[in-house]
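**Q** Shown below is the structure under consideration.
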Amino acid sequence: MNVFDTLQQSKKLPDVYRQMTRVELEERIRQHKERLGKKLLMLGHHYQRDEVFQFADQTGDSLQLAQIAAKEKEAQFIVFCGVHFMAETADLLTSEEQTVLLPDLRAGCSMADMADIHQTERAWERLQLMFGDTILPLTYVNSTAAIKAFCGRNGGATVTSSNAKKMLEWAFTQKERLLFLPDQHLGRNTAYELGIPLEAMAVWNPETERLETDQPLENIRVILWKGHCSVHEKFTVKHIEHLRKNEPDMSIIVHPECTHDVVIHADDAGSTHYIIKTIESADSGTKWAVGTEMNLVNRLANEHPDKEIVSLNPTMCPCLTMNRIDIEHLCWSLDQLAEGVFQHPIKVEDKDRGPALLALQRMLDRA
């Protein structure tokens, strides 16, 4: 679903919810959770704001949460406090008897939207002409169901930031080259970690429909889709240099959605799960600058007062689309559910379900 479809289908929050106090909203949500019991499963992504995160029955990254939903067979209603592609993945992995709901349909992902299926299919045709049948498509799970389905149809798979290295290794056993969607930075950082030189990577620009490289085509092994996370691109080498000068004893850990320059200048890089576990296990008194979403950084700081934890970018703000899920929309979604209304149900189109699930399963079987 692109941003225009979202705006057309999204329903406006009734004014009454903005007039309610935080206490009133929290109490109503608790009442719904108590009444529905195990029929309701509320999932909270790590980047959610605390006012919503507090109500989650399970927390984690996008794939973890989708897998949890699939295992919770008693849950008829799954309220996904995350963004659209995450709810789609949950819908793919759960049964037809389970309904996945997104409290605010405007909670999308700009990076996922950067890989439009029509642009991707045109790019694939062009790349096949350029390279022949030598390319395997891989997509980050932070992508639409349509892109996952595209990869499934063409022998490819999904990857997460945790298993990207393992999946790229697998991809190169299948084909000579790979197309990595939609985040160029995760693709570049992972390929570089595997020992592939930057010169062997090219960027496909979907706007100009051109391959951006100054190298001979036969030297290209990785084709990176020109997409990025608007949050993680805001971390720069200048932020790192400033900390090195002013806080030399502070460790810097970043997410691999950051640019390559940031990743190689940081002390460590890894998935959201890796960042959380690294800081949790760190010695008391250690100092950390974290290059990832602000809600998570603040939560880590609050949960570990014995350590100094700050954002790598001091002017960072939370992910705007993730922040669309607020306590008012959550309460409204549950009120509607109590009346038998499925507000903003997320359902992957039938034509995409099989191949998208195949792309996910290829990953789950190997990583």
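Counting starts with 1 at the first residue shown.
Here the Cβ of each residue, glycine as well, is placed from N, Cα and C on the backbone.
It should be emphasised that the depicted structure is a prediction, and the values quoted were computed from it without experimental measurement.
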**Q** If Swiss-Prot says SER62, TYR140, VAL141, ASN142, SER161, HIS255, PRO256, GLU257, THR272 bind iminosuccinate, which of HIS45, HIS84, HIS118, HIS239 does it name for the same site?
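**A** Among HIS45, HIS84, HIS118, HIS239, only HIS45 appears alongside SER62, TYR140, VAL141, ASN142, SER161, HIS255, PRO256, GLU257, THR272 as iminosuccinate-binding in Swiss-Prot.
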**Q** Within the chain of GLU257 (iminosuccinate binding site), which residues six or more apart in sequence place their C-beta under 8 angstroms from its C-beta?
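**A** SER161, ASP183, HIS185, LEU186, HIS228, CYS229, VAL231, HIS232 - these are the non-local Cβ neighbours of GLU257 (iminosuccinate binding site), listed in sequence order.
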**Q** Among residues HIS45, SER62, TYR140, VAL141, ASN142, SER161, HIS255, PRO256, GLU257, THR272 annotated as binding iminosuccinate, what is the maximum Cα-Cα distance? Answer in Å.
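**A** So the binding residues stretch over 18 Å, Cα to Cα.
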**Q** Taking Cα atoms as reference points, rank the binding-site residues HIS45, ASN142, HIS255 by distance from CYS109 ([4Fe-4S] cluster binding site) and give the first.
**A** ASN142
**Q** Which residues does HIS255 (iminosuccinate binding site) neighbour through Cβ under 8 Å, counting only same-chain ones at least six apart?
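**A** Set apart from HIS255 (iminosuccinate binding site) by at least 6 residues yet with Cβ under 8 Å, we have SER161, HIS232, ALA269, GLY270, SER271, THR272, ILE275, GLY291, THR292.
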